[in-house]
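Trainee: I'd like to ask some things about the structure below.
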Amino acid sequence: MPEGPEIRRAADKLEAAIKGEPLTDAWFAFPQLQPYQSLLIGQRVTHIATRGKALLTHFSGGLTLYSHNQLYGVWRVVDAGEQPASNRVLRVRLQTARKAILLYSASDIEMLTAEQVAHHPFLLRVGPDVLDMTLTVEEVKARLLSAKFRHRQFSGLLLDQAFLAGLGNYLRVEILWQVGLSGKRKAAELSDSQLDALAHALLAIPRLSYHTRGQADDNKHHGALFRFKVFHRDGERCERCGGVIEKTTLSSRPFYWCPGCQH
């Protein structure tokens, strides 16, 4: 599954295609969204935000299109007027004079006012997004130490979107390797310096993955263009301590780690 950095890069591509340009056409497959088609003509997409796997497409008139790709949804960028052949079912088309963005196969799509965005059940459940560049290390450390999260094992916590949105399995194992921690540790057990290192890595590693897009590397996953230290490297030597990287299952997902230097 693509994780936060890959979803943010997808949002960047959509923004590059249509952001700031007047919409010449808007089309929705779902009847409850069709009344908005004429209303959006002439409006502009001001920005596209991400919260975990949800995209929030903000329009100049104040409305926001909420979409969650779940397992099957996918966005495409095409030239204006282009109707690409696809076995997928088209759900959304937003077009300017130059480009169009198309959403296929997704079923979780809503048009929201600002107040509805603020009270949306999914958005209330998820934590701050690791690719939100206003999120600070201090805020992440405070979440780690909160009563809700301080006694949770990292193996599960780092997959819980209520803790931080945008993390997933490859980020989970790379973050824990970076700070030398086992997936069975908890924030309540850590020293202050360990907490600082973990809070920093929880932001730095997803952002490194995001910012290093475009660098060729065969050792990648869903476009995560930075070199993995442990993910999918079981049986290889750890570059830090020379131990052998192992694979197990934690929180129902494959977990890669080095027993020699992760404690």
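Yeah, the Cβs are placed from backbone N, Cα and C, and that goes for glycine too.
Not my notes, these are from Swiss-Prot:
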- Pro2: active site, schiff-base intermediate with DNA (ACT_SITE)
- Glu3: active site, proton donor (ACT_SITE)
- Lys53: active site, proton donor (ACT_SITE)
- Gln70, Arg125, Asn169: DNA binding site (BINDING)
- 229-263: zinc finger (ZN_FING)
- Arg253: active site, proton donor (ACT_SITE)
Trainee: Cα distance, Arg253 (active site, proton donor) to Arg125 (DNA binding site), nearest Å?
Mentor: 22
Trainee: Six or more residues out from either end of the zinc finger (229-263), which same-chain residues have a Cβ under 8 Å from its Cβ atoms?
Mentor: 153, 155-156, 159, 169-170, 172-174, 176-178, 180-185, 219, 221
Trainee: Among Gln70, Asn169, all listed as binding-site residues, which has the most CB atoms within 10 Å of its CB?
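Mentor: By the 10 Å Cβ neighbour count, Asn169 comes out on top.
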Trainee: Using only the Cα atoms of Gln70, Arg125, Asn169, which the record gives as binding DNA, return the largest interatomic distance in Å, rounded to a whole number.
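Mentor: Greatest Cα separation within the listed binding residues comes to 19 Å.
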Trainee: May I have the DSSP-based helix, strand and coil counts for the residues of the zinc finger (229-263)?
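Mentor: Counting residues per DSSP class in the zinc finger (229-263), I get 0 helix, 12 strand, 23 coil.
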Trainee: Tally every other Cβ atom lying within 10 Å of the Cβ atom of Glu3 (active site, proton donor).
Mentor: 25
Trainee: Need this for a regression test: recorded positions Glu3, Gln70, Asn169, Arg253, filtered to those with Cα within 10 Å of Lys53 (active site, proton donor). What's left?
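Mentor: If one measures from the Cα of Lys53 (active site, proton donor), the recorded positions that come within 10 Å are Glu3, Gln70.
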Trainee: How far is it from Glu3 (active site, proton donor) to Asn169 (DNA binding site), counting Cα to Cα, in Å?
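Mentor: Pair distance, Cα basis, whole Å: 8 Å.
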Trainee: Minimum Cβ neighbour count within 10 Å among the recorded positions Lys53, Arg125: which residue?
Mentor: Arg125
Trainee: Report, as a single number, how many Cβ atoms besides its own are within 10 Å of the Cβ of Arg253 (active site, proton donor).
Mentor: 13
